[in-house]
Amino acid sequence: MMMPMEEKEDLESDEEIPFSASATRKKVHPFDSEINIASHVDMSKSWILKRIQMGPLRSIYIVLIKAKINMLLPFGPLAILLHYLTGKHGLVFLLSMLGITPLAERLGYVTEQLAFYTGPTVGGLLNATFGNATEMIISIYALKSGMIRVVQQSLLGSILSNMLLVLGCAFFSGGIANHQKVQVFNKAAALVNSGLLLMAVMGIMFPAVLHFTRTEVHFGKSEMALSRFSSCIMLIAYGSYLFFQLKSQPNLYSPVDEGGVNDPEDSDDEEVPEITQWETIGWLAILTLWISILSGYLVDAIQGASDSLNMPVAFISVILLPIVGNAAEHASAIMFAMKDKLDITIGVAIGSSTQISMFVIPFCVVVGWCMGQPMDLNFQLFETATLFISVLVVAFMLQDGTSNYFKGFMLILCYLIVAASFFVHVDLEKDNN
């Protein structure tokens, strides 16, 4: 009797099962447990990776865990804790510095990620804006307390730090990392920023000259009126600059290649962003807020540390405080320069100086006006002369559209001269009043 084909196959498969199972047990039994453990580990790893790749978990891992420098993040909360538990301002200052360092590096990284979506021009503008948020918060806080000179000197120091120290370190690091070629950037955009910086110097210089030459129509009142009028003009000029940069003439700010020609294809084609655009915007807000909070505690610690270290107030305000406030710009500008993205570096360093001089300072004058605080553009002769010479030096460095490590080294040396000058400078503002 012929059996159906299906029953034959079932019978054959039933007969093969004991043989195959026993053979498998005999052959792989010594390593069976190891294979099972390895398979479970691989499955758990793949599950973790899948979970990490899902939205917020992946973003948190990349921003807060992946980089080794994030090991310094706990020093920020520790500095805040010690601020309330102890009176050791020096220790709080050190821990705040250590806590801000990884935040500054991460802010530069997130801004670089955002530059994939916005391009180098808007990316540099956003980095300068978020980097200067700390200075604006500290300045408004100081204005409420009537600390006019602290506001003036810290903002002046931010301009000097960005133009000389940040740009100098970026040029130096980029020149060393790319020593086999000449780094180039958009000369037209750099010259526009240099012109805006010179305009800011003009707005700051005239009230000081008017005050010290005693040529005011109404002594004390004319200087304040001129400062407020000039501040409004500077704000209009900066708004026009943003429209010109982003809407009217965006091609003027296109990145350049090694030959110095406008290159429509960005070098970012070789890389891909690791986090989404909305995640970068969210992280920019979170990191900026945390940096601002730590900077507030750092300001209090610096004031207490200055008394114990017997340092001049001008040196603390112009040199130390801006270095901390510009930590974000410093880290990101160096990172972009080493990756041969000098257009973003210029946008971060020089763009930040332009934003402080043409927007933050006039904005503080207007805010002080609304608060009833006598904030003006009279930064005193010594500070104004230092700013004027520094702007001229930077303008000459940028005029040919190329960068190398020697230019960066010269800018760093210029900043050391400025720092030494403020270390031996005594602020006579109170005596003049």
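Positions of Cβ are set from backbone N, Cα and C atoms, glycine also.
A TrEMBL annotation is a machine prediction, not a hand-curated record.
Taken from TrEMBL, the feature transmembrane segment covers 60-85, 124-143, 155-176, 188-213, 225-244, 281-299, 311-338, 344-369, 381-399, 405-426. What TrEMBL lists as domain 'Sodium/calcium exchanger membrane region' is 91-246, 281-422.
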Fill in: Touch test for the transmembrane segment (381-399) and the transmembrane segment (188-213), at least 3 Cβ pairs under 8 Å
yes
Worksheet item: With an 8 Å cut-off on Cβ pairs and a sequence gap of 6 or more, do the transmembrane segment (155-176) and the transmembrane segment (344-369) reach 3 or more such pairs?
Response: yes
Worksheet, complete the sentence: Answer key: the stretch among 60-85, 188-213, 311-338, 344-369, 405-426 with most Cβ pairs under 8 A to the transmembrane segment (225-244) is 344-369
Worksheet item: Given the transmembrane segment (311-338), which of the listed stretches 60-85, 188-213, 344-369, 405-426 has the most Cβ pairs that are under 8 Å apart from it?
Response: 405-426
Fill in: Tally of residues which DSSP labels helix, strand or coil - the domain 'Sodium/calcium exchanger membrane region' (281-422)
120 helix, 2 strand, 20 coil
Response to the item:
Long-range CB partners for the transmembrane segment (60-85) (under 8 A, at least six residues beyond its ends), listed in sequence order, are 52, 91-92, 95-96, 98-103, 105-106, 109-110, 274-275, 283, 290, 293-294, 297-298, 300-301
